[in-house]
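**Student:** Quick one: the structure is below, and I'll ask about it shortly.
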Amino acid sequence: MVGTVDLLLRKELKNKDYFSKKMLLYPMTEHIPEKGFDLIEKIKKIIGRIIRIFITIDPGPFAPTKYILTAEYSREKSYLFNEDDPEFFSAEVRTLVIDFILNRVSWGKDQTDGNCVGIQCLLDGGVYRAAYPLHDGEHTTENSLRHQLYVEWAMMSKWIRKQPIDQIKEYLGVKYAFYFTWLGFYTHLLIPAAILGLIVFFYGIFTFPNNRFSSDICNATDTIMCPLCDRTCDYWELSNTCFYARLTYLFDNDLTVIFAFLMSIWATLFLELWKRYSATITHRWGLTGFTFEAEHPRPQYLARLSGSNHTKVNIITGNIEPTVPLWKKIPATLFSISVLLLLIVVAIAAVFGVVLYRMSVLASLSLTNQSDWMSTYSNIFIPTTAAIINLVCIQLLNLVYDKVAIYLTEMELLRTQTEFDESLTIKIYLFQFVNYYTSIIYIAFLKGKNVGYPAKYLRIFGLRQEECSPGGCLMELSIQLFIIMVGQQALNTVVEMIIPVGLNWFNSLTENTGRLDNLKSTSEEEDLATAVKKPWIEDYRLLDWGPRGLFPEYLEMVMQYGFVTLFVTAFPLGPFFALLNNVFEMRLDAKKFLKYFRRPIPHRVPNIGVWYRVLDILGKLAVITNAFIIAFSSNYIPRMVYISLASEDNTDKGFLNNTLAYFDTKDFENGIAPLSSSYTNVTYCRYKDYRNPPWSPQKYERPTFYYEVLVARLTFIVIFQNIVSLVKVAVQWLIPDVPNALSDRIKRESYLTTQMIIKNEAKKAAEIEHMDGMLHGVNSPNSL
């Protein structure tokens, strides 16, 4: 059976002060003038005027919601509230109260029985099938808010319209409205980042014919390179990597450093501007100062500790609550850390397996008679197929990580739902971080950095390490980023389009809840038709949100943000592909939430929670990762050092030859030289490294130029980080977290509320004094 609950809230229940903020009797209607000069608001107005010259954004049919001043309800200060308002308890508040009661009522033998607390206990026992708030009619029901949002917001044809966040908040609740608000804000901020990335990319397209380094590689038909693997690999011509070198220049050109610097500043601007905007939204929705200080314990927490003798007094509420003893916390924590380390090892092992795949394919191709096409494009084919295999491994490991993270979090016995959600968020994000980024970190910072030389390779478990192309590993890193980032986004989009439709269709065929069997009469058929159309039956066939709610949506976007910031130097088109994806993501999510899912519980939150801290950490890490990519994975620093110290004419002429060392084929280690070769009389082969030639007295040792380049790389990292850090501090100082106008309004509202309290309390005090005086007069002897 389907459980449905309807609760009529009467004014006797208004002592439940913690449920909501309510409308004050004195609405804030007066205009509060701005004080001071707000630089950001002035800049926004100027940019808005310029944009409106070229683009007019359709605001949609939804009228702006009138702002109403709210405050926490208090029976002692009931004069502040309009208790005669028929909408004193909104549908949102009613749903929250019902959810609160259902999750904390004991369903055992009596109200003190802790063995079965909350509606989840009845759901687990099969007493009820589900518990959920009802939608506002069908998504096709005209004049309903669900229909209006579906037609005017969720349709892909409305992608250019502003999101009606107030109406989203009214229908889905604050928590879901904050998600769409943040997603829309993030998508808008991706526009300048995408434009910068396109400028870098097209600059590379227009100038690559003039790039001497890639041209020298394409013309180096007589440069013989050393084998890329032991025994089975043959010598090869440097010109075979011509196409690879041309592609590399599209992302590794003179604008790359400027782009990395601007994107590091962009990450700071994004977070600072979001803090300002979220402060405005929080105030508009009456959540300024909202905290979880008095948040009640999770029903599951109380149920699992119902027989515990360990209790403590809640400092905030004064209630006696069960607590988890230390001897239970320590084993759970140690077990979580152990499992986390194990999963990290598994992710690294998966990357190692992909490395072995690349090496084995390279060896296999060398044993076959390669066509000219394969010789030219093998440097693209092998990384692409390896990245696809890595993406498949990521998807398989994600299935395991999610279940493990939920299990570990349940073991920790966290008191509140906020603590539980944040702990689960951190665990799954750490798992996903390792899973998605390990292969990228390997290519960016480890591959080809310390492989040795043909006479003495540095091996791991007896295996030779991978080497980068003479043009560097940046192109392979770009391919890896493109496959994982864009491939993951495309996969998620397809899943979001197909899975909800398929599951709803399946539920409509297989779910028999609300149907009658053995129909024999027309009246029974009519009853069936009526039953099937009951809204709680129709909503029951929709998809359940599950315990994690919006977590997968936030995780997908935050992982994308990591790609856009951490490794954007290697893939300047990342912001552009993220922008395209998010335009579809907003509308697909809106359609999915309104059409295919049950209506969620409208939980109240003051912000996006722990995800802001994750974004902040990613923004700080992005400065480090981009500095290291430029310094160690691109040719920018070695080229600058060569032009400054080694070039005869202060150009990069001869830079390619400078990056390639000579090796005497007679000095190969035993069992390393090719078993057979199509090249004859090869005396010297070349390999990418800075080492002395074999005719030098200190052959194969590091030359002075190597250390000059190393010092330049480290110096660049220090200078880059310090400059970016100074600019970030300046940006944070210039942009206050709360707009000046909003800060003044909050102060004004506080002042007016205080004045009203003083006025009414003085009035109450006068009335009490008058009553005391009358009673004193009645009881005095003179009155007789």
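Placement of Cβ uses the backbone N, Cα and C atoms for every residue, glycine included.
TrEMBL entries are annotated by machine, without manual review.
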**Student:** In TrEMBL, one of 380-401, 424-445 is tagged transmembrane segment. Which stretch would that be?
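**Tutor:** Here TrEMBL associates transmembrane segment with the stretch 380-401.
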**Student:** Tell me, what is the mean pLDDT of the domain 'Anoctamin dimerisation' (26-165)?
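**Tutor:** PLDDT averaged over the stretch: 71.
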**Student:** Please tell me whether the transmembrane segment (255-274) and the transmembrane segment (617-637) touch - that is, whether there are at least 3 C-beta pairs under 8 Å between them, with each pair 6 or more apart in sequence.
**Tutor:** yes
**Student:** Would you say the transmembrane segment (176-206) and the transmembrane segment (558-580) are in contact under the rule of three or more C-beta pairs closer than 8 Å, pairs 6 or more apart in sequence?
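**Tutor:** Per Cβ check, the transmembrane segment (558-580) touches the transmembrane segment (176-206).
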**Student:** Given a Cβ distance threshold of under 8 angstroms, which distant residues of the chain, six or more beyond its ends, lie next to the transmembrane segment (617-637)?
**Tutor:** 213, 252, 256-257, 260, 263-264, 267-268, 270-271, 444-445, 449, 471-474, 477, 558, 561-562, 565-570, 655, 659, 709, 712-714, 716-717, 720-721, 724-725, 728
